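What follows is a set of notes on a single structure, which appears directly below.
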Ligand code: GDP
């Protein structure tokens, strides 16, 4: 990928897309194109086709998607399935039509079967039923990676897919009804501390295990894959390490400095019990994450809430 190549980053205002743009700029790429969703609605096939015909990007990184945490996924089930299919169908097909040299499609670790053996290897895809709470989103992402594979099979397109684990970082969503667990916990503990609240409510039993990757590390992995990976199979992107939600709660509580109680609300769903990625394929391709979780949480807390240091 030449430094003057035209790279279209779809979803550049999102947490992932903005991290990808930062990483590309840092590497010296100068010809990055993007559009806000107001300027270009990626669900609109006609608009996407004319954008591609006009811009003719050399490379595409597809980081645009409708995303959310367990509650949003489980509530807006039709929107998550339909809109994600629309966005990815439009961008992938237009990339084919305009003979884009290489496209990277970003999926998610929720594509794997709920009861997949751990850590999850890429080849476990489609070997069992999905977790119900995010099945619509997962189905869209599976269709996306299969569409990339199909264009490769039928037309020889160099369309690759990466499956990141749970992400966090700058630009995350802190709306408690839509967010993922890590930003939700940061906000809940921060506000409880500010307001001297006696208790913080955490969803589920605290026993599910999750893996977390800083989005800047994902962006670095995306560049690595654009430069060094041309395979058909999706590639997992994660740390290869996980912890329980209860352990995460303690980590966030310590970072924020909240000393009140924690109550686990078991009326709320746990989601999948565990989804630890096997990252050996990416390790074999020469990539490893850099940001440890405690360090990453401290940085994100500072960035999002700018707490005044304890005297
Ligand atoms: P998931 O990885 O797709 O299940 O998405 P989430 O990041 O939304 O949830 C991960 C786990 O954290 C689930 O077991 C949730 O029940 C749990 N969790 C605990 N407290 C919260 C919270 O305040 N918000 C969210 N989104 N999840 C929470």
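In case you wondered, yes, glycine gets a Cβ from its N, Cα and C as well.
Heads up, TrEMBL stuff is auto-annotated, nobody curated it.
Annotated features, as they stand in TrEMBL:
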type: ACT_SITE; residues: 137; note: active site, proton donor/acceptor
type: BINDING; residues: 11-17, 106-109, 141, 164-167, 180; note: NADP(+) binding site
type: BINDING; residues: 188, 203, 210, 270; note: substrate binding site
type: DOMAIN; residues: 7-238; note: domain 'NAD-dependent epimerase/dehydratase'
type: SITE; residues: 108; note: site 'Important for catalytic activity'
type: SITE; residues: 110; note: site 'Important for catalytic activity'
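Residue 203 (substrate binding site) carries a strand DSSP state (E or B). Filtering 11, 14, 17, 167 by Cβ distance to ligand 1 (under 6 A) retains none of these binding-site residues.
Checking each of the recorded positions (14, 137, 164, 167, 188, 270) against residue 110 (site 'Important for catalytic activity'), the C-alpha distance stays within 10 Å for 137, 164. Checked against residue 167 (NADP(+) binding site) by C-alpha proximity, the recorded positions 137, 188, 203 yield 137 as the nearest. Spatially close to residue 17 (NADP(+) binding site) yet at least six residues away along the chain are 9, 10, 11, 34, 61, 63, 64, judged by Cβ distances under 8 angstroms. Of all the binding-site residues in the record (188, 210, 270), the one with the smallest CA separation from residue 164 (NADP(+) binding site) is 210. Each residue contributes its Cα atom, and for residue 188 (substrate binding site) and residue 137 (active site, proton donor/acceptor) those atoms are 26 Å apart. Proximity to residue 108 (NADP(+) binding site), defined by a C-alpha to C-alpha distance within 10 angstroms, is shown by none of the binding-site residues 203, 210, 270. Within 10 Å of the C-beta atom of residue 203 (substrate binding site) sit 22 other C-beta atoms, taking all shown protein chains into account.
In this structure, the CA atom of residue 137 (active site, proton donor/acceptor) is 17 Å away from the CA atom of residue 270 (substrate binding site).
Cβ neighbours within 10 Å of residue 14 (NADP(+) binding site), excluding its own Cβ and spanning all shown chains: 20. All protein chains included, residue 167 (NADP(+) binding site) registers 24 other Cβ atoms within 10 Å of its own Cβ.
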